[in-house]
Each structure stands twice: as C-alpha cells, then as structure tokens.
Amino acid sequence: MLTDFSPPSAPPDRDRVWLHIGLFLATFAAMVFAAGYGMLEDGLWYPLTGRIPFYEANGWTARVTDGLLYAVPFLFFLTVHEFGHYFAARWNKIRVSLPYYIPLPFALGTFGAVIRIKEPFRRTRQLFDVGASGPLAGFVAALVVIGIAVFTLPPVEYLMSAGRAGHAATIQFYLENGVFPERTSAPGMGVMLVPGDTPLFHAVMSLADYRVPSYELAHYPVLLAGWLGLFFTALNLLPVGQLDGGHVIYAMFGEAVHRVVARVTTLLLMLSGSVGWLVQMVPELQRWYGTQGLISGWAALAFVLLLYLRRYFGDVRYALVGTPVLVALAAAVTFLTPGLAANVGFIGWLLWSGLILFVIRMDHPPVLVVERLSPGRRALGWACIAIFLLCFSIQPLG
C-alpha cells in the first residue's frame, strides 16, 4: 500500500560539513588557477582568459586578479543555483545534502556542483519545486553577473592586453567600421574558448558600449562567467531524465509526454554530435592518416552510435537498423547542406548523449502522488521552458 507521508525535516549531515567546505574552497582555487594560469605547454602557461602578454608584463598578481574576476561571479552563480534546489527541498521537508562542488584543475576549473536528494519525491508538487528552483535562481544570478559585466565593460583598447599579436588590427577594424570582424585573422596562442551565441546573450550585449565577439569573450573574465551561467542553466534544463528540465517537464505534462520529449531531445543531440564529428573530426583524421584515418573516423562514429542506440531502444535489433539510418542522415546534412552542418553540428553533444544514456538516463522515475500543478507553478514551468530556449545554443563552445 502506497502512503503519502511527510517526515520531519532533517538537518544536514553536520559531520560532513567540512567536506562541503573543503570542496568549495578547492573549486574556488581551481577556478582561479584555470583562469589565471591554465595549462602548462612548452614552458608557457595558457590561461582560460588568454591575456598572456599582460600577465608576463605584470606578474602573478595580474593572473590572480583575473582569476578572482572569473571565479567569484561563476562560483556565485553555481552556489545560487544549488542552494535554490537545497532550500526548495528543505521547504518541502525532503532530506537533502549540502552542495558538492566539483573542482577541475584545468579547463573551466570546475565540473559544476550537485546536491544529493536522500529520499524519493513523493508528490509532483515537490518534484517541480525542487527541479525548477535551481535554474530559476541560477538564471537570476547569471543575469546579475552579466549586467555587472556589461555596465563595467572596459574600452575596446583593453583587447591590446589579450593574447594575440593581431589585436591592433582587430581594434582598428572596429574603430573604422563600428563592429568587429566576423572572424579574427590574428595568430592564436594556445587553445582559446569560443562561446556560442544565444538569443538572450545577444540581446543583453546590445546594451553594452560595444558587442564583444565570441572569439574575444574569454578575455573578459566577468562576462565569461555570466555566459557560462546561462550555458549551465540551459544544460540543466535539457528535458531528459532527472536533469532539472526533466523534472519540470515530468511535473507539468506527465510521464508519457516526458518519455517522448526526452527521446526526441536525445536523438537530436546524437544527430548534432554526429554532424559535428563528420565536420570536425573526420577531416582531421584524414589529414593525419590518409584513407585509413577516413575509414577509421566513419567506423568509430558507427560504433559509438550502435552502442548509444542499443541503450536508446533497449534492443540491439533496432540499434542495428537505426545506426545506418542515423549515420546516413548525418552524412546527408553534412554533405548536402554544408552551411547548415557548420551551424548545427557540435561534437560535444556526442559525449553529452552518452552521459544521458548511460549515467543520467532518459526516463524519469515515477512519483507516488500525481497532482495537477497550481497556476503559479505552471507559470514558473513555462518560464523555465522560455529560459531554456533563450539560453540554449546548439553550438555552445568552439
């Protein structure tokens, strides 16, 4: 017999508070290090922000300053997002852990943060409250960060302190034309993070004194932190499994709709990732290894999709039929519409599809008590959907 019950609210595991604090501090340090120092290659540090000449001229204090300008707002966003979940769970008398921050000593300096729900959701209302509160709170925090970045944007000459010798020509082009060139011809220094554009970020940047092009965004630590806030918000709102977006869709529309939306979303991500693989990776393999590399690239894609579709369908027979169909569809997009492929293919979605299929899972576990959400909650649910559409980019990183 199923019983709807409400156990008393439990305090956090106080004997583990030190672990949460330690992970928070480690993540903060890793983010400062990633932004100011980054990766060591050929005796040089290649930081996330890329302002190498400025750091070489001004020493470690400049690196740490930029690291703080990146780490503080980005960690602020992550903390607001996770505590949105935390306080919603506590309000609904659901046992929940404090946030576990995940440090990463390179790239972005973190892999995000998670909280652990210590008991099943009993009611649809609880599921919605906990699922929607994180992205809603985090979205507001990201907007605050971007607003600060936009209204404190340094003059365009600031780019002279960045890491490419051709910035003088880029600035001159801007001064003569009022816009930046679509692409930079300046020589690169290390691997640069090139964020993709989103409808909301594009609109907000119209309020700035000048529109920072995507290939220069990494040089602006606070602005980069705000963009990452929007990106992680959209990523969490993907309508699959037990991601925040999955919680929202399940609570608003029920299990049947969630199953369809999750499967369509996952399939589209696999298609985008496959197109990205054919556009980005296969030509490189062919350049390095000739015909053998070309064949290996196609074979690797087919093998990965076979594994994915086996989990997707739950039946190897459907996977054997679906794999050549998906490969053929990706090939058609790539070679028949190269312009479209260049704008919708992103190899990173192959990795994310694997995480959805094998770790997150597409389906959502059932809730004991199914109930219709109040009009206020449904309005917030539609707000979450709108936020996802405004913050999502099919090519989030380059």
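Backbone N, Cα and C atoms are what each Cβ position is placed from, and that goes for glycine too.
Bear in mind that TrEMBL entries carry predicted annotations, made automatically and left uncurated.
Now, the feature entries from TrEMBL:
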type	residues	note
TRANSMEM	17-40	transmembrane segment
TRANSMEM	60-78	transmembrane segment
DOMAIN	71-266	domain 'Peptidase M50'
TRANSMEM	98-115	transmembrane segment
TRANSMEM	127-151	transmembrane segment
TRANSMEM	217-239	transmembrane segment
TRANSMEM	260-282	transmembrane segment
TRANSMEM	288-309	transmembrane segment
TRANSMEM	316-336	transmembrane segment
TRANSMEM	342-360	transmembrane segment
TRANSMEM	380-397	transmembrane segment
For this session: Establish whether the number of Cβ pairs under 8 Å between the transmembrane segment (342-360) and the transmembrane segment (17-40) reaches at least three, counting only pairs separated by 6 or more residues.
Result: no
Exercise. Other than its close neighbours in sequence, what residues sit by the transmembrane segment (316-336), given a CB gap under 8 Å and a spacing of at least six beyond its ends?
Worked result: 270-271, 274-275, 277-279, 298, 301-302, 305-306, 309-310, 344-345
Problem set entry | Model confidence over the domain 'Peptidase M50' (71-266), averaged pLDDT | 89
